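Some features that TrEMBL has for this protein:
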type	residues	note
TRANSMEM	42-62	transmembrane segment
DOMAIN	53-295	domain 'G-protein coupled receptors family 1 profile'
TRANSMEM	74-97	transmembrane segment
TRANSMEM	117-138	transmembrane segment
TRANSMEM	159-179	transmembrane segment
TRANSMEM	185-212	transmembrane segment
TRANSMEM	233-261	transmembrane segment
TRANSMEM	273-297	transmembrane segment
Amino acid sequence: MSTLAPLRLLREPSNASEGNQSNATVGASGGWCQGLDIPNELFLALGLLSLVENLLVVAAILKNRNLHSPTYYFICCLAVSDMLVSISNLAEMLFMLLLEHGVLVMRPSIVRHMDSVIDMLICSSVVSSLSFLGVIAVDRYITIFYALRYHSIMTLQRAVVTMASVWLASTVSSTVLITNFRSNTILLCLISFFLFMLVLMLVLYIHMFALARHHLHSISSQQKPPTAHRGGSLKGAVTLTILLGVFFICWGPFFFHLILIVTCPTNPFCTCFFSYFNLFLILIICNSVIDPLIYAFRSQELRRTLREVVTCS
């Protein structure tokens, strides 16, 4: 799949281009250095699936007044962010295909402006998606540890301010990234942001799981046999593994790719890793497909509303 200007740089750093001619031949001798030829149809199919899924989530939350709460507003914003990931991917593919086949003829200056707009949309959707994953984790943490004070802590006004701040920060940061995409400092900031979100989610979810396990232990200690304790702990461990596992698997390779760009752009083994950039993009799109299954579709109320939306009842 063709990628636009800053993403081409992320695929293969410019300061590694000369090194690839000489050093990368060592790594290229292995078949794994050839990368993967991922068809455009796969990008298109995943993008459309993610778009439909997240569009249904947004429609269901807007339709049902029972879902008009900060928690579901955050889930709605996550769905919008994932929709932008899909839309930007589809727009990029369509734009490049039209140019390559001569259907769309534009001046180079206009093409560059279109590149910048699409790239800014891509970066903004990635940053906002990561941000709302963190916001949802914080919201769940408050729900569990401050249940009696939740509605006074997470008021509608604070939720609106949080959502607006995330969208504003995502737009500003994506603009800075696109205009300074050759700077390693910008990449380090993006990497630090990912690591912060990973640590934040890891600490919050493990703490929530520990509290749930302690609560179940105190209950099951009065029961014989303590089957509730074992079953609840297993369910909590599975949920925690799914949440953090999906996050790390889908986002980790892309940000590890950025780390290698900063630390070893000319190393033969790093250049081999760069050849799998399209696979990392596929994983990010897969995350947009999986997010509704984890955060939205597990709600019985939302599933009921989805059935009404689909059946137009």
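Every residue gets a Cβ built from N, Cα and C, even glycine.
All TrEMBL annotations are machine predictions without curation.
Spatially, the transmembrane segment (42-62) is adjacent to the transmembrane segment (273-297); three or more Cβ-Cβ distances between them are under 8 Å for residues at least 6 apart in sequence.
Sequence-distant contacts of the transmembrane segment (185-212), counting only residues of its own chain at least 6 positions beyond either end whose CB sits under 8 Å from a CB of the stretch, comprise 127, 130-131, 133-134, 137-138, 140-141, 144-145, 176-177, 232, 236-237, 239-240, 243-244, 247-248, 251, 255, 258-259, 261-262. Long-range contacts of the transmembrane segment (273-297) within its own chain (CB-CB distance under 8 A, at least 6 residues past either end) are made by residues 1, 3, 10-13, 16, 33-36, 38, 42-43, 46-47, 49-50, 53-54, 56-57, 60, 75, 78-79, 82-83, 85-86, 89, 126, 129, 133, 136, 242-243, 246-247, 249-251, 253-254, 256-257, 260-261, 303, 306. Beyond its flanks by at least six residues, the transmembrane segment (159-179) meets 6, 70, 73-74, 77, 116, 119-125, 127-128, 131-132, 135, 186, 190 of its own chain at Cβ-Cβ distances under 8 Å.
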